[in-house]
Every structure is written in structure tokens, then in C-alpha cells.
Amino acid sequence: MKWNPLTSETTRVVKLPDDFYPLDLHWFPRSVGGKKQPHSESFVLTSSDGRFHLISRLGRVEKSVEAHCGAVLAGRWNYEGTALVTVGEDGQVKIWSKSGMLRSTLAQQGSPVYSVAWGPDSARVLFTSGKQLVIKPLQPNARVLQWKAHDGLILKTDWNPVNDLILSGGEDCKYKVWDSFGRALYSSQPHGHPITSLAWAPDGQLFAVGAFNTLRLCDRAGVHNVMDDAVDSLEFRDRVIKASLACGYLVVSTSLQCYVFSTKNWNTPLIFDLKEGTVSLILQAERHFLLVDGGGLYLYSYEGRLISSPKYPGMRTDTLNAQTVSLSNDTLAVKDKADEKVIYIFETLSGKPLGDGKPLTHKTEIVEIALDQKGLTSERKIAFIDKNRDLYITSVKRFGKEQKIVKIGTMVQSVAWNDTSNILCGLQDTHLTVWYYPNTVYVDRDLLPRTLHQKDASEFSRNPQIVSFVGNQVTLRRADGALVHLSISPYPGILHGHVRAARWADALRLCRFVKDQTLWACLAAMAVANRDMATAEIAYAAIGEIDKVQYINSIKELPSKESRMAHMLLFSGNTQEAEALLLQTGLTYQAIQLNINLYNWDRALELAVKHKTHVDTVLAYRQKFLEDFGKKETNKRFLQYAEGLEVDWTKIKAKIEMEIARERERAAASAAVRTSVTVQQ
């Protein structure tokens, strides 16, 4: 029988002979990469007589294949529809072509194999072996993963391609959730009867568990009570597939249309038709929302206008979920499934790749991504967790040189950005950690630990997940399905607001009122990032960083704006940018002196020789440096240029004073020009 979920109609597909006993059925994949498959209306049916049958949607048996000695207990198409795997009572696992030709016998067990599933990449196969689960790659000689999963025979298993989680159920009357490394994430209490059927929903958010006379609907944490107190008073003509409520709008996808409700007016939704009724994900930002279906990625405004439809090579939308796609007002980030070390980043308005067009590449597989929601496009940051559970942050705007990817946390299970400020929270080992100003890592890395806030999260049991971070409230879902709300200090969010509006006096007043070292540390980093030296000096003094206060004072005394900016870059650890700025503005001596102060002797000499100035200055400082440590010169380049050159400190000091005077004159002339322009206006 075939049931249509849109119309609830049931129709007979095929009448089987009386001596035919079907055991398993699996439909051919409907689409791959948005393209409908030519055989998508056919299915495979396995039977007790050792054969499997390829049957068309009209009920015609296209082919019957002798597959196993004994019953064929299960059969599954891979996600591309290019291969079929079958398992049987004879303990064999076999791979077949689309047309039913035997390709290989993957495994030979001593006992019946009751269930089988493909891995998300269609390169591995999961099957049962008594009380154990086995993951075997198709590639010869690759490592096989095997573990004891149940105390009784395992009867059913499934593997979801979106969340990469595994289900198993067996004669011990339990169902369990595993990750793809065989680590247990959830184990149910024993039920009254063996678990005989399991299936993930395509989006990986829910799964169904079947036993004698019982069907349970569970979320991915394993909790079977998924009802809440919400009352749905909105009526739709067609079946509701997905819904999302955020940013003042409710977006609802049915099988045929998309409805956009404003929370200010529930009576007149905006409605537009969908190309496909298979929406698997809805993400919302302040200005627009994203729909993901079998055909692709579609960005819409809340007025229902299609903004863009980003694409990337080998795109597979069926594997995307909220952990692998992230949306902000100006940026869309998508983690690639084909190469899990790659993140594609797009402009939302044009749908084109951002920056230089190259995707963001990490050294290890990435499991979760999140874009910050506030601030300028040029300062947009993305946080991501890799396979080792390390948390990294980097900028999405990348032209030419690679942007620094910086690690800011370890043992992180889940992350979320705040909806109103660029504050990041994450579940880190047994703590909830809040990074009040993650950008600190680019400004003054030593200050980062002082801008963190941690709360004990051990009471939330194993594997809690962050659901949302709205205002100053973090919502967590515990492993038992309960939602827990945690409040954090509202003051960092208020501080972010003051800094975004450049209200530095208000920011200082707030810190003096709260009297919290963490808040002062955040203000210090924010002031340095925004080049506000006066505020930075006060904030660093408040947290006792006297050496940095003295350095900031020395920066304020520099004669030109360019020198001050270069030394602020140097303060943040951006040596190359500081040098480049000085050279671009013609302050060659200052660039040379910067390298001397950092003991970059080779670079200082290279600049002096290249610009034919201050070679003697570099040699003099180098000579003094070696004399202080009682060393002799061994560097061949310095020995070469020191031949026949006498170091005269009087001349060198006079040249340095002349350079400083020239810089002062230049700064004064520049200020006079600016004043003149202002007066004329």
C-alpha cells in the first residue's frame, strides 16, 4: 500500500502472491543535489525466499534477484541511488549496483544480520552482528569500527545523514543513540517488548521507535514526550512541515506554500508558493530568512521576495541542519558535507561567495558553525567547533592573505551567539562559558581569560545542548529533554550597546557603577579595538595592567596619527600590518625602529638597505645589543655592512632627532590642512 501524507489517500501499489512474504522495503532516493532521480518512484522489496525485487511505482516487478541463502532481512539504497546493500540470514552483507548486479560481498558473519544502514557519505555501511554494531568502510583494508551496543540481539538500526547519529534497538527492550565513533549518547529504560523498528526523520530532529502495539515519537536526545504547552490556533490548508519563530516573525512551511506571520498581526500572513514541498530547514535573521529544501538554498525577505539562491560545487541540501548552516543579516555560512574541513561563505543579497571567493578551510573536520549577529559586515565573525571539540573564531571577510583562525576554547559541545550583542556562549566540559567579547583574542590575547564568565553546568547531566541565547537568558535542553533557563549578567550587553554607539563616557560610567573586573577587561579590549586610547588607558588601569597603561601613554605622545595607529596595531600583535602602515605613509625610519625594538634585526637591516637610509643606525643598535650581552657578531650580512663603517652615536642621534622633527612638522601640516578644510565648509 502507498499512503500520500498530503491528501491522506491510501492506494494499492502491488498485489503480492500468497506464498510471498516481504520483510523490508526502501524507496529509491527522490533527489540528489536538487535534481530529481529518474527512478525515484521505484522501490526495493526483500523477501523470505532469499530474493530482493525492484518494483516500479505502478506495481510492476522490474527485476527479481537471488541474493542470499535464507531470508533477505533488509535492503537499503545509498543516498545517491548508485548502490544497494542487502543483509540476510546467511550472515552476509552484499553490495549491488542500481540494476541489481552483485558488486561485492562486504562482510560474512557467523549469525544472521538483521539490519543495515548507509553512512552519510555512502562510503561506510553500518550493520548488526548479534549484540554488536559494526561500521565497515567500502574501501579495502580500512579500519572497521565494532562495539557491543546491547545486552540482547540487535534487531534494528538506522543512521541519519544530517546529524550523523546512529539509532539501535534490540531484544533487551531498549533503544539507544550513538555518535558515529560508537560513543553512547542516550539509552532508554527497558520497555515491555523488544524494539522491532526504528527510523530517523529526514532532518534528524526526531525519530520513531516501534515495538509490540506501540509507536513512540522521540527527539534526537531520546526523549519520547515531545509535547509542550503551546496551543496552535493558526489553521492551514495543507500539512505543516516546518515552522520557525524569531526576530518578530513566524515562518511556516506547508507542503505547497510558505506563510510569514508578523507577531504584531497574526491575522494577515504573507503567503507565497513553494517550488518543492520538502522544506527541511528554516533559519531566520533580523532582515530575512532562509529556506532549505531538496532543490537548494533560498533567501527570502519577510515581504516574500526572493533575495538570492546561493550555490556551491557538489551541494547536497539533504544533509544540512542548524549546526551546519548559519545566517546573519549580511552573511550566509554553509559547512560542506563533501569536505567537512570547508565552510562556504556567501553574501546574502547577491548569493555570491564573500571576499576573494575562496571558502574558509580548517585543518580538521568541522562539526558546528555559528555567525555573530550584530556589528558591521567588515567585522563579521564566525565561530566553529571541530571534531576535537576545540572552539575557533575567525573573520569572514577575507581578501588576499589568510585571516587568522584562533582557538578560544577546548572541550566545547555546543555554541550560540547572542541575538542583540556579539556575546558568545558555549557548553565547555562541565561549565557554561560566556565569552563577553570574543574579539579580545585579536586585540589583546592575554586579556581573553579575564573577559570570560563561567557557570557550573554539571547539574544538567550529560550532553546538554544550547537551544537559544536571547537577551541575557541562555536556554539549554538537558539529555532528558527538559528545558533549563540560565540568566547571565545584563551589563556586558549594555556595554556592547554603548560601544556600538561610541558612547565612551556612558561605558565608563557603567563600569564604575558595576565595579566588575570582567566588565573593565571587556571595555579595555573594546577601546583598543576602536582606537580610543583615553578609555583604554582608564580601563587597563582599573584592572591593574600598569605596563599596558605606560605603553598606551607612550603611544599618545607620538607626533603623528600614523605612528599612533601603527603602534596600536603593534599593541594588538599585528606586527606586519604596523610595519606596512608606516612604510605606506613614508615613515621609513619609524618602520626600521619598530623592528629594532622587536629585535627583528634582519628585517630592520633589510629595510635600511632597501631604502638606503639609517644603515648605521641599525648597526649601532645591533652592536650595543651584542655588547650588553657580551657577544660577538656572527651574522654575515651585518659583518659585511659593518666593514669600514664607524659607528658615531652623535650623528645617529642627530639623524633620529631630525626624523622625529620631520614627523612633527608633517603632522602639524596635516592638521592645518584639515582645519582649513573644516573652516571652508
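Every residue, even glycine, has its Cβ placed from backbone N, Cα and C.
According to TrEMBL, the protein carries these features:
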type	residues	note
REPEAT	65-97	repeat 'WD'
REPEAT	147-179	repeat 'WD'
DOMAIN	222-491	domain 'IFT80 second beta-propeller'
DOMAIN	519-665	domain 'IFT80/172/WDR35 TPR'
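Remark: secondary structure over the domain 'IFT80/172/WDR35 TPR' (519-665) totals 112 helix, 0 strand, 35 coil, with classes taken from DSSP. Per DSSP, the repeat 'WD' (147-179) is made up of 0 helix, 19 strand, 14 coil. Remark: secondary structure over the repeat 'WD' (65-97) totals 0 helix, 20 strand, 13 coil, with classes taken from DSSP.
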